[in-house]
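See below for the structure under consideration.
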Amino acid sequence: MKKESKVLLASGIVFAAICMRSPIGSVGPLVKFIKSDFLLSSSEAGMITTIPLILFALAAPLAGIIAPRYKSSTVVLFCLLLILGGGWIRSYTNTAGLFVGTILLGTGIGTLNVIQLAIIREQFPDQIGLMTGIYTTSMKLFAALGSGLSVSLVFALSSWRNVLSLWSTLSLIAIILWILISRSKLSIQAKPAILPLHVLGRNFRKPKFWLISGFMGSQALIYYCIVAWLPTILATKSSVVETIGLLMFLVEFLSVISGFAAPIFTHRIHNGLPIVIISSACYLSGILIVFLSNWIPLLILGCCLIGTSSGASFSYALLLIGMNGTTHQETAWLSGFSQMIGYIIAAIGPVLLGSIYDATNNWTIPVLILCCTSISMFLIGKKANNLTRSTTT
């Protein structure tokens, strides 16, 4: 592939990634405005975060099966249009539109979750660690901006609706880039290539693939619970809205750094155990510090630990997928399968925690659930790393 083509494709991947997390990361800080306008309960508000996760789970296996039948650039364009239209419908209609738009947006992002990894595996096989880091960093950076700036932008743009639509409108840039990619001479999975049924059956019996899915699910459950409810927990510690926004920005900013570094470090030493240990320990300690402390410096420390774990665990989960898929088709299948299982697990989190809080008016049980999930993430990640090393070295 020519250098110019690589730059164009890498730019397309980056700008598509930008659109994949900011529309979701911006919801948590704005949830109190949304609840007030639509008179939603905490569990109903949790559904705004949970619906995309359900769609991630449903879209993932379908993307792994259907996408190889079409040019990847065509599928990416369709997904970006869903994100754009879904974001506008979610922002400017009624309660029904809020959820319909969220469904469309979640379908687009869920399909991109699978396609982007397969494209990276196919087009950048010798730079998979670097490209996974760049891909993760792009998502995490704009999740950080969406989380940290949304509250301030409400006052600048006069409405939370304008803020939510802003993050989806960024997909226009990605749409232009992918139109150029689709019209270029780049060969991105132009011909159908579906995994035979006997190969699919063999894959279902591989413990390694189930462990990768479990690691994906445990880290995603914690992350989306953090996105949905950490601003609400922080609101019990500080009444200053800007402070809460800055703490959430800190979480996402640290995740950008760790998300970029983790796959590159892992790929160089051919061992993901240090990342598994660090990310699990940081989640566990960070969550406990934020829950138990009211002192701002300790809250900053806790948010830094949570952010470090968030980026490292997510990017390592994606790297596990890329390292264990031997071909474009198997990578797409593994990406779809692991994200289906993973996001089914993750989708339980925000609604479950919101329902428990509604019933108890206390965050103790939800926090204990997150701590137990952090320990599970370590145990599953350690085993997945061992099996990955045994088959790739």
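Any Cβ shown, glycine's included, is placed from N, Cα and C.
Annotated features in TrEMBL:
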DOMAIN    1-384  domain 'Major facilitator superfamily (MFS) profile'
TRANSMEM  45-67  transmembrane segment
TRANSMEM  74-92  transmembrane segment
TRANSMEM  98-120  transmembrane segment
TRANSMEM  141-158  transmembrane segment
TRANSMEM  164-181  transmembrane segment
TRANSMEM  209-231  transmembrane segment
TRANSMEM  243-265  transmembrane segment
TRANSMEM  272-292  transmembrane segment
TRANSMEM  298-321  transmembrane segment
TRANSMEM  333-357  transmembrane segment
TRANSMEM  363-381  transmembrane segment
Range from 141-158, 209-231, 298-321, 363-381 with the greatest count of C-beta pairs under 8 A to the transmembrane segment (45-67): 209-231
Outside the transmembrane segment (141-158), six or more residues from its ends: residues with CB under 8 Å to it: 17-19, 21-26, 28-30, 33, 164, 166-167, 170, 227, 241-242, 244-246, 248-253, 255-256
Interface check, the transmembrane segment (272-292) with the transmembrane segment (363-381), three or more C-beta pairs under 8 A: yes
Listed stretch, out of 164-181, 333-357, 363-381, that has the most CB pairs under 8 angstroms to the transmembrane segment (209-231): 333-357
